[in-house]
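The structure that follows is given in the form of structure tokens.
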Amino acid sequence: MQACSSLSVSLPSLFVIDPVARSFGAVEASRSKTLRFCSFRREALGLCLPRRAGSGRIPLLGSSRRLCKKTVAAASGNGVPGKGFDYDLVIIGAGVGGHGAALHAVEKGLKTAIIEGDVIGGTCVNRGCVPSKALLAISGRMHEFRSEDHLKTMGLQVPSHSYDRQGVADHANNLASKIRNNLTNSLKALGVDILTGVGTILEPQKVKYGKVGFQNKQVTSKDIIIATGSIPFVPNGIEVDGKTVFTSDQALKLEWVPEWIAIIGSGYIGLEFSDVYTALGSEVTFVEALDQLMPGFDPEIGKLAQRILINPRKIDFHVGVFAKKITPAKNGKPVLIELIDAKSKEPKDTLEVDAALIATGRAPFTKGLGLENINVVTQRGFVPVNERMQVTDADGNLVPHLYCIGDANGKMMLAHAASAQGISVIENICGKDDLLNHLSIPAACFTHPEISMVGLTEPQAREKANKEGFEVSVAKTSFKANTKALAENEGEGLAKLIYRPDSGEILGVHILGLHAADLIHEASNAIALGTRIQDIKFAVHAHPTLSEVLDELFKAAKVNTGVSDSVNKPVAV
């Protein structure tokens, strides 16, 4: 999460954000006002940077300056709605996706309202990405303190280390509260109307909202975006009491640290919590239904992650089994977990543990939306959409002026994917035909070390190659060859590039190592912009930095002779 900025604005003064922005952007306000924005979106600052047509590049210094008139106007009045409507846009759900869409809508001059029945920020800010990263920041330090050999090789001695459970929990809660307030303030500062209550679609372009026990209100809007997110998925047979058997929502409160905890599921959520609990002294047992741990990862990265993140720690696991029944601890008895074979359904084992964390994924939160009023039928709970996030009805027809983004549509259940989808929807609403390339959206697992990925795994790429008739090649580099990683004594790690040697197209990049979550963006941006290996291998990286892992990775790729070199010819300056 980036830092937030407090900005004091008064006429006729102009302000700038950084040295590059100094030549491009300024914000004007009609009266003195302090604005606080969270950097989920840079556009919240009103900084409007002109771009060259057909590129993602900002013009060189010396280009003409201009005010972002739509943003300035919207900040003071939140636009003017189209004729016959209360709003140009109503967004149901104020998570990261809804927030990103709202800010972009205001920038485009749309009169915007956002309906939220819980709290601003949704799952990510309140029960997901944000508080979990606070806990993982603590776990990273604790893992380092516990690794005496690691510290001794650097000449460091830490005679004792401990933690205050309540202090750790408070850190996570305080961070979530701070980011939630920042998001709320950014919406209010730009004039977005926050409508409190549960939103229900009554008919096309009409929504009601309200709290239980209070009279509902109705609003009309030219366009509506559903951004209601998701909730933890709990399989049948599992009894959640919130104390000894709980989901990630409750685990983030860190009300206690069990001596032995079973984690049901070894995906992103389960893996991150194993990092937290082992750092705080717990023993962990994974229960995974598929035949291998971390099934969603590239297999080679998954095997390496098991060697680094699982085997050296107090973690054991059962794969190829279902938790048929989980009973919370009662009357002095432990949590009971009945395991059955995932294929034969025959009984396998019974575990007795202090606690169980249910990390079996997330389910869309789409009940109560009134979709039946517009002939929309969900698919496993997900709202059906096309490639432009337009909702389709039971007959396969587009529902006019209705969109769905984020976890509720199931395309890619990541907070930043929801925000990107929301921005894309606003572009389409405003007349620009915009398609989001989901293969360019990165994902990360914030363990220690981190794992990140973008694009296809190697099996996925080879399957695609077999169908379409092209060759796939793989290049790899190790963190052990990186000076900065070795200086940090963090040489464990691998970067893997999957590509087409006939064209130089990047199909996927997977990284396990120090700050992998930060490093992946060079690859994701390359995929998004269509940059080929023969272009990016000439990029210059500062030395000594971790970014050189990617530099060496792209240089290690072998593109076939005869493929054109640089698409974008360099200009000497």
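Each position is counted from 1, following the chain as shown.
In case you wondered, yes, glycine gets a Cβ from its N, Cα and C as well.
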Among C68, C129, which cysteine does TrEMBL link to C124 through a disulfide?
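Checking TrEMBL: disulfide partner of C124 resolves to C129.
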Hey, of the recorded positions listed (C124, I269), which one tops the CB count within 10 A?
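Buried the deepest by this measure is C124.
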Which is it, of T228, S230: the one of these binding-site residues whose Cβ has the most other Cβ atoms within 10 Å?
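By the 10 Å Cβ neighbour count, T228 comes out on top.
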Between H543 (active site, proton acceptor) and G267 (NAD(+) binding site), find the distance joining the two CA atoms and give it rounded to the nearest Å.
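So the alpha carbons of H543 (active site, proton acceptor) and G267 (NAD(+) binding site) sit roughly 34 Å from each other.
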List the residues in the vicinity of the NAD(+) site, defined as same-chain residues other than G265, S266, G267, Y268, I269, G270, L271, E272, E288, G361 with C-beta within 8 angstroms of the site's C-beta centre.
I263, F273, M294, A359
Please work out the number of neighbouring Cβ atoms within 10 Å of the Cβ of G267 (NAD(+) binding site), leaving out its own Cβ.
17
What binding-site residues among G265, I269, L271, E288 are found with a C-alpha within 10 angstroms of that of A415 (FAD binding site)?
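Qualifying among G265, I269, L271, E288: none.
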Reported in the order helix, strand, coil, what are the DSSP residue counts of the domain 'Pyridine nucleotide-disulphide oxidoreductase dimerisation' (441-552)?
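DSSP composition of the domain 'Pyridine nucleotide-disulphide oxidoreductase dimerisation' (441-552): 42 helix, 29 strand, 41 coil.
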Out of K133, H543, which of the recorded positions is least crowded by other Cβ atoms within 10 Å?
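Looking at the recorded positions K133, H543, the Cβ with the fewest others within 10 Å is that of H543.
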